[in-house]
Amino acid sequence: MPPPFWGAIDAAHTFCEPKYATSTVVAEFFNALSSFVYMAAGAAMLCRGCHWKVGAGYAMLIVVGVGSVLFHATMRFTMELCDEVPMLLLIIAFLLGKEDCLDCLSGPAGRRRFRVGSAVAVALSTAAYIHFKVYQIFVISFTLMVLFLIATHFFPSARRRWTPALQTCFARAVGGIGAGKLVWEAEQRLCAAHPGVWPLHIAWHVLSCIGGVYATKYNEELRAIVAIEGTKEAGREPRRSPRLVGAHTKRH
Ligand SMILES: [Zn+2]
């Protein structure tokens with residue numbers, strides 16, 4: 001039997017799809033093919049035009065798609081890193097989209113704290129993953145970041161901006177990643193006894209992509225709400241300021 005096209009499989013984690021069964025060049029053919037959904041969705045959303053901090057989320061979806069194709073096509077550890085490190089950066093991009101909207105991510109100090117903190121967190125997690133080559137390091141890092149991202153919806157500066165549109169984006173984002181996580185786990189746990197479940201990983205790609213798109217649309221919505229608040233504030237300022245200043249001066 002000839003050696004695999006991309007060399008011996010050395011990924012820290014593999015999936016259920018039979019290797020090199022559909023193509024002699026692509027290890028997991030359908031998992032690789034379905035990864036194009038991230039690129040298509042990211043590109044389609046970017047083409048609509050948006051603030052660069054929102055666009056970073058759509059751009060990272062494209063990067064994740066490229067990494068996912070490379071990983072599933074080769075099942076080599078180096079290509080696995082090209083998939084999984086961008087997944088961590090994707091969550092950072094989702095948080096970047098909330099800059100100047102959430103109190104803890106606002107102002108020069110807040111932005112600096114977030115950017116330095118997230119860069120250090122991703123660097124440490126990646127270094128530990130490469131050194132120990134333990135898949136759980138990536139899974140735990142990614143899960144914690146997703147949970148933090150979800151928690152930001154309940155921060156006071158987000159809560160006071162809850163609108164039906166924002167809540168819909170949140171529900172669809174959490175629904176997408178939540179349903180995706182369920183089919184991901186099902187594929188992993190059922191694979192040994194029922195190898196035919198391998199297409200469930202394709203469902204993970206589609207569902208997590210939907211979650212990613214709505215996580216970014218959430219930021220678009222949040223930024224629009226903050227922009228409207230800023231416009232109203234600026235409109236009120238000239239009329240209100242002299243009276244307030246006067247009242248303040250008289251009282252004290
Ligand atoms: Zn995948």
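Counting begins at 1 with the first residue displayed.
Even glycines carry a Cβ here, placed using N, Cα and C.
Automatic prediction, not curation, is the source of TrEMBL annotations.
Taken straight from TrEMBL:
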- Glu17, Glu28: Ca(2+) binding site (BINDING)
- 29-47: transmembrane segment (TRANSMEM)
- 54-73: transmembrane segment (TRANSMEM)
- His72, His201, His205: Zn(2+) binding site (BINDING)
- 137-155: transmembrane segment (TRANSMEM)
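Using the Cβ center of His72, His201, His205 for Zn(2+), the list of other same-chain residues with Cβ within 8 Å runs, in sequence order, Phe15, Glu17, Glu28, Phe30, Asn31, Ala32, Ser34, Ser35, Ser68, Ile202, Trp204. Around His201 (Zn(2+) binding site), the same-chain residues six or more apart in sequence whose CB sits under 8 Å from its CB are Phe15, Cys16, Glu17, Asn31, Ser34, Val183, Trp184, Glu187, listed in sequence order. Listed by sequence, the residues of this chain that lie at least six past the ends of the transmembrane segment (137-155) yet keep a Cβ under 8 A from its Cβ atoms are 12, 84, 87-88, 91-92, 94-95, 98, 102-104, 121, 125, 128-129, 170, 174, 177, 215. Annotation for the binding-site residues Glu17, Glu28: lowest Cβ count within 10 Å of the residue's own Cβ, Glu17.
Between the CA atoms of His205 (Zn(2+) binding site) and Glu28 (Ca(2+) binding site) there is a gap of 13 Å. Across the structure, His72 (Zn(2+) binding site) and Glu28 (Ca(2+) binding site) are spaced 5 Å apart at their Cα atoms. Neighbour density for His72 (Zn(2+) binding site): within 10 A of its CB lie 27 other CB atoms from the protein chains shown.
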